Amino acid sequence: MKTRPSSRHAFAVLVATFVLATSPTAAFAQATDDPPADDAAAPDVPADPAATGPQPAVGDSVKQLQPDSAPSPTASDETPPPGNEKGDETSQDDETSQDDEISQDHVSSSATEKPQIPDFAAERTDESDWTMPGKTTALTRFSKLDEINDKNVKDLKLAFTFSLGVNRGQESAPLVVNDTLYVVTAYPNHLYALDLTKEGAPLKWSYTPDQPLAAQGVACCDVVNRGAVYSDGKIIYNTLNDTTVAVDAETGKEAWRTKLGRIQEGMTMTMAPTLAGDKVIVGNSGGEMGIRGWVKALDVATGKVVWTANSTGPDEDVKIGERFKPFYDQYKGKDLGVKSWPAGMWKNSGGGAWGWVSYDPELNLVYTGIGNPGPWNSSMRPGDNLWAAGVFARDADTGEAVWYYQTSHHDWNDYDGVNEYMILDMEWKGEKRKVLVHPGRTGYMYILDRETGEVLSAEPFGAITTSDGVDLKTGRIQWVKDKMPDDTGRVKKDLCPAAPGAKDWQPSAYSPDTGLLYVPHQNLCMDLKETEVGYIAGTPFVGAEVRMKPGPGGHRGEFTAWDLTKQKAKWTLKERFPVWSGTVVTAGNVVFYGTMDGWFKALNATTGDELWKFKTSSGIISQPTTWRGPDGHQYIGVLDGVGGWSGAIVAGNLDPRDGTAALGFVNAMTDLPDYTTAGGTLYAFKLPD
């Protein structure tokens, strides 16, 4: 395979990471502190995939309606109101190495007292604020605000805009706390605070973390950031160079920063933290670089690491002990995080925790999705490759594993396990169950018992050729052997879904009013060929040549309303490009999402009818949020700025003739530059006065 030439320009190094060349001799920028160098089904419910019926013309947005919905599950949506304490300014530390259990020397902090954490059982009634990307730790992204509703949303007008100063993929969620809006950008991870009490929401303060340019050179899939959380008077978020920072929400002064990894090893951090009591939960990225994945809990007040749980390795490293009671037998045994790998491979095995983490305060469990094993060349790593591509339930205070479920054993197609695990309570076979809802990259809508890890249902919601369902007795996905790659070097064709799955990171939303889950996702397939690869720290460790393409029908994106009780789609909209944005749904019976060609849309949450849309200057891959302003009126906010893995062809200015670039995504997106350009703007909307 030819190696693409690289440029001396700093973000062209990122282009090299998009390409992630599949030969061991691929050109790649070494990470240093200097600028980068050159370049199975629910009972009695039949499968009913969303992508059926007449196909639209490419570019159309066509609704597919399914039969009536049933009574809704209940959202377990408790979360505390934000605190009021402030952190103090402190100096920033250097780019240094450290152990997994970071010492106090690596924490820069002036905080001395524990925060006063409110009772999680007391549901927050003040809907004015949006303090974390998922709205609460249940990740439902539902707002009780209803001033903007299905009757008047057609009148929505632009209230104000703000340029982010970074024209890259913007995947963040705007936060609003105490009449201030906070937004984190893609690298260099600026944090802006806007004053909502003043006309036009002017800049109140800004903060930019100190991090090397070289961090861009090891970012797998654009230099994105998925946002911040608010707690204890601080805005807390991750930076690309493996650091978690806390910034005083009032003053913009740094309260603490904790260095957690080394970009020299190919490690980055792009995920949005999750709060769990007085701790903030974070995870790393770099599964395509041969990193070893981990999840860490940090003290909200000080930034000190409380516990670390690795994704692979001996039980002690993974925090598997006496409390570990998995539902399925294949997860019972000693040191399976070593034994399910060829000798020594668990040390460079991927399993980054770069997606969503949810938290149940009643059970005191955090649910952490784990990413793909490495390399993509699965012939090099026979076995189930535990504990990659699945989900752990862990004690929030100690990190001890309570149960585990693997969505994709021997993950040979990059299906990961990192998509959201939404916390709901629902009736199942006449019994109230505490569940997790997980729209998996495998193409199945999983419902799991969140106390035990049992799979209750796994119905397809997209086109699938790589598997024949999920065996509910064993929990194992049933791979189609003829589709699996082998060591012959032959191309395996028409693998659906493609590597990003039927749905990737882009978060869903759930409305207790409609009982529907709103799922932004893609309709892509791929051709895959395994190639030889060797591990070199800080360079791509992939070993696969991929070309993605549109799935059945020719459209590449879908927005689906999924009936959780009936376990099938109620309606589906088809979009020209993957729907790579998040979504938010409100008590006004309106659901919002954005498209990669730059349309921000509002739909009737019950019927799926389009009610309003607004054209932005760049494509949308961010997470919309809603809040009540100081004027007493409801606002909707969203960022534009196309990029991420799906928009690499634009954000990285990649050559459309190289179908393998961006791990094959370019092949499916050659026309995206005809519809949008790079950008980075915050938009806020409200009804006319």
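Using N, Cα and C of the backbone, Cβ positions are placed for all residues, glycine too.
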Asn372, Asp414 bind Ca(2+) per TrEMBL; candidate in Glu265, Glu288, Glu316 listed for that same site:
Glu288
Pyrroloquinoline quinone site partner of Glu171, Arg226 (as recorded in TrEMBL), chosen from Thr270, Thr274, Thr302:
Thr270
Under 8 Å between C-beta atoms and at least six apart in sequence, can you list the same-chain neighbours of Asp414 (active site, proton acceptor), or say none if there are none?
Asn372, Trp376, Arg441, Ala499, Pro500, Gly501, Leu663
